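Student: Have a look at this one.
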Amino acid sequence: MSTKEKLISHVMKEEPVGSRNKVTVVGVGMVGMASAISILLKDLCDELAMVDVMEDKLKGEVMDLQHGSLFLKTKIVGDKDYSVTANSKVVVVTAGARQQEGESRLNLVQRNVNIFKFIIPNIVKYSPNCILMVVSNPVDILTYVAWKLSGFPRHRVIGSGTNLDSARFRHLIGEKLHLHPSSCHAWIVGEHGDSSVPVWSGVNVAGVSLQGLNPQMGTEGDGENWKAIHKEVVDGAYEVIKLKGYTSWAIGMSVADLVESIIKNMHKVHPVSTLVQGMHGVKDEVFLSVPCVLGNSGLTDVIHMTLKAEEEKQVQKSAETLWGVQKELTL
């Protein structure tokens with residue numbers, strides 16, 4: 001008799017039970033690992049699968065996390081073979097070529113499209129009913145690419161979009177007002193990144209419109225220069241990349257925030273990238289961030305945000321820029 005047999009006596013033969021809320025992270029780079037640890041520490045799933053083409057790096061990261069299993073409640077698995085991801089509820093795609101210092105997010109695009117041509121069909125093969133969350137940049141275009149390559153309905157393909165831009169925005173407004181970001185309600189919509197649109201008309205604290213108190217807020221004529229905050233939001237990522245080489249922690253937390261809303265069916269409203277054709281005067285098939293309701297089925301509803309004419313024009317301009325790139329892509 002083995003030690004195990006002496007220690008434990010079987011009462012019944014266990015039937016294999018699939019994971020009820022499995023999450024997969026594709027890509028074990030800085031963003032993938034920050035997303036993984038954020039998901040683990042929020043205890044969102046009973047199984048976390050990780051997949052990457054870089055076998056040694058993947059194996060090392062998985063082992064490193066598994067060594068902390070005592071402190072977690074989640075089973076952690078990893079393999080370069082996508083069968084490890086089977087039956088995932090949510091699949092988070094962070095893989096792709098990394099943005100270099102000074103490189104625009106749009107520049108990355110065709111490099112990442114080619115990577116997606118391998119990743120997306122594999123996800124669909126093993127998790128045909130999953131909710132696909134795209135984080136790789138340029139996120140709006142790659143969410144469109146993932147939607148096209150997957151054949152999924154639009155409500156099951158979501159881009160992390162401006163969830164992080166809005167978090168940065170709320171943090172900086174909070175700093176200026178000496179308030180916690182959760183008490184500063186503010187939204188950034190449109191493209192994630194350089195042409196994102198701050199909705200100054202909607203910024204409020206406890207329902208008090210800040211533009212109601214300062215009608216010039218967000219404009220050139222504003223003596224308090226609130227406009228600089230949006231510039232800081234846009235430059236923030238570039239600044240972090242310049243200082244430490246990449247961004248990871250905040251986007252990882254942002255991803256876990258979105259995964260939580262889906263897994264726990266919270267019906268929370270998030271600015272995420274979705275198909276906006278027909279909204280805010282957008283005519284083309286593009287994905288941009290607008291406030292959306294996230295739950296167990298994916299993206300269930302879109303909130304009709306009241307935008308000023310100038311804000312709407314900026315969203316349309318974003319859409320035109322993205323469509324200009326998208327129509328050149330070879331899918």
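Glycine residues also receive a Cβ, built from the backbone N, Cα and C atoms like all the rest.
Straight from Swiss-Prot, here's the annotation block:
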- His192: active site, proton acceptor (ACT_SITE)
- 29-57, Arg98, Asn137: NAD(+) binding site (BINDING)
- Arg105, Asn137, Arg168, Thr247: substrate binding site (BINDING)
Student: Which one is closest to Arg168 (substrate binding site) in space, judged by CA to CA distance, out of the recorded positions Gly29, Cys45, Ala49, Lys57, His192?
Tutor: His192
Student: Among the recorded positions listed here (Asn137, His192, Thr247), which has the Cα closest to the Cα of Gly29 (NAD(+) binding site)?
Tutor: Thr247
Student: Given the binding-site residues Met33, Cys45, Ala49, Lys57, state which is nearest to Thr247 (substrate binding site) when distance is taken between Cα atoms.
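Tutor: Closest by Cα distance to Thr247 (substrate binding site) among the binding-site residues Met33, Cys45, Ala49, Lys57: Met33.
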Student: Far apart in sequence but close in space: which same-chain residues, 6 or more away, have a Cβ under 8 Å from Leu41 (NAD(+) binding site)?
Tutor: Ala256
Student: Consider the binding-site residues Met33, Val53, Lys57 and say which one has the Cα lying nearest the Cα of His192 (active site, proton acceptor).
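Tutor: Considering only the listed binding-site residues, the nearest one is Met33.
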Student: Cα-Cα separation of Ile37 (NAD(+) binding site) and Asn137 (substrate binding site), in Å?
Tutor: 20
Student: Pop the Cα-Cα gap between Asn137 (substrate binding site) and Val53 (NAD(+) binding site) into the table, whole Å please.
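Tutor: Pair distance, Cα basis, whole Å: 18 Å.
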Student: Using C-alpha positions only, work out which of the binding-site residues Met33, Cys45, Ala49, Lys57 is nearest to Asn137 (substrate binding site).
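Tutor: Closest recorded candidate to Asn137 (substrate binding site) by Cα: Met33.
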Student: Tell me which of the recorded positions Lys57, Arg168, His192 sits in the most Cβ-dense spot, judged by other Cβ atoms within 10 Å.
Tutor: His192
